[in-house]
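Feature annotations, reproduced from TrEMBL:
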- His57: active site (ACT_SITE)
- Glu111: active site (ACT_SITE)
- His115: active site (ACT_SITE)
- 1-19: signal peptide (SIGNAL)
Amino acid sequence: MEKKLNLLILLCLSVVSNAQDFDFFYFVQQWPGSYCDTKQSCCYPTTGKPPSDFGIHGLWPNYKDGSYPSNCDPSNSYDQSKISDLISKMQENWATLACPSNSGSTFWSHEWDKHGTCSESVLDQHSYFGTALNLKSKLDLLQILQSAGINPDGSLYSLSTIRSTISNAIGYTPWIQCNVDEQGNSQLYQVYVCVDNSGSNLIECPVFPNGKCGSSIEFPSF
Ligand code: AMP
């Protein structure tokens, strides 16, 4: 009888932990110029103006059907003391632009609590942030675009050229997300690539997010 009960408990636990599982990650990089030139505007972090480069927005566990888990483990909330060796790299590559100005910990804790806790079966907090930083260092989007003559100079570029330039360079199809500047022009905001559920390898995206860009989009300066 007791054995049967144990088995039942085990089964229930595995259902609960499977519910937290996920199929792949979106790794999302953001062009800071396109965050800042909008109606909402932006605030530089207390550590100063971020580099004129794509910054990390997040590493997001996702399901193949397009939905995603969030806030999976309130008992494992953000603890900056676990990533003290990564902070200077985070300031450089994962800059907050939200107002009011802060060091970045508000953004990082949001990302860990909402998304990171949903992949804790694979990546603990240190490896979650470390994996994202590592992906960023391997995916130098600005260099890829600039070497094809696509520069953050406020001019318009063809969306399909941006997409094929990135896809030829990395071997996988990215998803380009646009937003609009204060005048309502469609612009290059975020670039999504997909990563397998170990966090180590790029994959073709099982599903793309929603959204729409113009056929030619602005690449604003920062
Ligand atoms: P998420 O909840 O991870 O899907 O991200 C969306 C949230 O992140 C929104 O509240 C955005 O305003 C915020 N966000 C996006 N980019 C940045 C940034 N560079 N700095 C601070 N917050 C940001």
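Using N, Cα and C of the backbone, Cβ positions are placed for all residues, glycine too.
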Exercise for the section: Within 10 Å of the Cβ of Glu111 (active site), how many other Cβ atoms can you find? Include all protein chains, please. Expected result: 20
Handout entry: Whole-number Å value for how far His57 (active site) lies from His115 (active site) (Cα to Cα)
Key = 11
Problem - DSSP three-state assignment (helix, strand or coil) for His57 (active site) - result: strand
Exercise for the section: Return one of helix, strand or coil for Glu111 (active site), based on DSSP. Expected result: helix
Problem - Cα distance (Å, whole number) from His57 (active site) to Glu111 (active site) - result: 8
Completion exercise
Cβ neighbour count (10 Å, all chains) around His57 (active site) is 22
